Amino acid sequence: MKFIIKLFPEITIKSQSVRLRFIKILTGNIRNVLKHYDETLAVVRHWDNIEVRAKDEKQRLAIRDALTRIPGIHHILEVEDVPFTDMHDIFEKALVQYRDQLEGKTFCVRVKRRGKHDFSSIDVERYVGGGLNQHIESARVKLTNPDVTVHLEVEDDRLLLIKGRYEGIGGFPIGTQEDVLSLISGGFDSGVSSYMLMRRGCRVHYCFFNLGGAAHEIGVRQVAHYLWNRFGSSHRVRFVAINFEPVVGEILEKIDDGQMGVILKRMMVRAASKVAERYGVQALVTGEALGQVSSQTLTNLRLIDNVSDTLILRPLISYDKEHIINLARQIGTEDFARTMPEYCGVISKSPTVKAVKSKIEAEEEKFDFSILDKVVEEANNVDIREIAQQTEQEVVEVETVNGFGPNDVILDIRSVDEQEDKPLKVEGIDVVSLPFYKLSTKFGDLDQNRTWLLWCERGVMSRLQALYLREQGFNNVKVYRP
């Protein structure tokens, strides 16, 4: 099988040296992602496109899906590459390929041509279109808004019969821009802002401030791992967790009520800036949107920025909440965000929307900054690829099984779309479907006299959810890994 990768248009308008660098990086990213599916596949870069050739037909759908999620790709063409002799030969090959698709449909033919030939692209369109129209009685030509568009590409003596076109996410290849550190909370905003910087070519590391509760950190780990695995797995990234409970306690004890929100954000920026400096990261990323909450007015954002020289990027600054939620739905983080545990450790009764710098600084003089230094020093830094392994260690008390007993039920916790695409059927045992994002509210409704074997395709989500359910007091859960 063969795929032709078309570059994001902004890459094609770069200077020759920059364009070559971007294409080289994108080629490497594609190899890094696809080697998990087929180690023998070939990735070949050209000036206008990148070719992917693979032998394992069983991995065709998985490879195609992975390509649509790699930043820097505008669209993917799944093609059959065959030699040809003349225009009539092109027509005959197109007839074999497209006859069934065109029965009873309107169609047009669109051709792209590279190389030296004694015919033009329009000549091929007319000849092939006329031939298809004559040989398929139920089909008819319609040049505007046809039911089917027959895409052909002619390159020297090769004909590319395009079986399908699939849109990519666009943007720049990860690694073409410098690294950033995303302040991730697991909500709608931080997930979308992280994705937007990945799409723009940045390797995104994650910094999580735990304001209280292991369940929250488990949830945020899920989001970060999901984003990395889906859009950024071509690169290694860090997940840094900082226990911010001591900082919150100090703020609640010593800071004036109205200034708490702004000061908490200033402390987070200070801490994140130290982490960024430690690892050579150039900028912080937040999901703040102008006017969304009291700390996100222009005055307050300016005061928050003032505590650090590190650049703070806010890709969602002009977005409304509906737009952000729609983006979260598109990239697959909506369900995570909707079920994320909330820990509002600092809630002001009357938060200021226009903080005064002198008042903020006066309040911060009461704060013991050695507490902030200590939590940053003790921050837990892991390679995001190790989250699954670390979860295995943390859920030692949750048994992993590859078989089942008479009282067991398999609980398929994949998303609804995944369940519909690949239904799970295991002979000799009942299988119940309950998406992971409903476990926190619906698991208690299940028969607690049964033992529930949590299952997902890769085992990461099932282990994380098993840990969460055990913390909630459910001891009748195991992880199923056949």
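Backbone N, Cα and C atoms are what each Cβ position is placed from, and that goes for glycine too.
In three-state terms derived from DSSP, CYS456 (active site, cysteine persulfide intermediate) belongs to neither a helical nor a strand segment and is classed as coil. What Swiss-Prot records for CYS456 is active site, cysteine persulfide intermediate, and it gives sequence analysis as the kind of evidence.
Residues or ranges marked as ATP binding site by Swiss-Prot on the basis of sequence analysis: LEU183, ILE184, LYS265, GLY287, GLN296. DSSP assigns GLN296 (ATP binding site) to a helical segment in the three-state reduction. Sequence-distant neighbours of GLN296 (ATP binding site): residues of the same chain at least 6 apart with a C-beta under 8 Å from its C-beta are GLU288, ALA289, LEU290.
Positions annotated as disulfide bond by Swiss-Prot, on the basis of sequence analysis: CYS344-CYS456. All protein chains shown were included, and the count of other CB atoms within 10 Å of the CB of CYS456 (active site, cysteine persulfide intermediate) stands at 22.
If you look up Swiss-Prot, you'll see 61-165 marked as domain 'THUMP'.
Taken from Swiss-Prot, the feature domain 'Rhodanese' applies to 404-482.
Annotated pair LEU183 (ATP binding site) and CYS456 (active site, cysteine persulfide intermediate), C-alpha to C-alpha distance, rounded: 28 Å.
LEU183 (ATP binding site) carries a strand DSSP state (E or B). Counting residues of the domain 'THUMP' (61-165) by DSSP class, helix then strand then coil, yields 38 helix, 38 strand, 29 coil. In sequence order, LEU183, SER185, GLY187, PHE188, ASP189, SER190, GLY191, VAL192, SER193, ARG314, LEU316, ILE324 are the residues near GLY287 (ATP binding site), counting only same-chain partners six or more apart with C-beta under 8 A. Note: the Cα of LYS265 (ATP binding site) and the Cα of CYS456 (active site, cysteine persulfide intermediate) are spaced 36 Å from each other. Per DSSP, the domain 'Rhodanese' (404-482) is made up of 28 helix, 17 strand, 34 coil.
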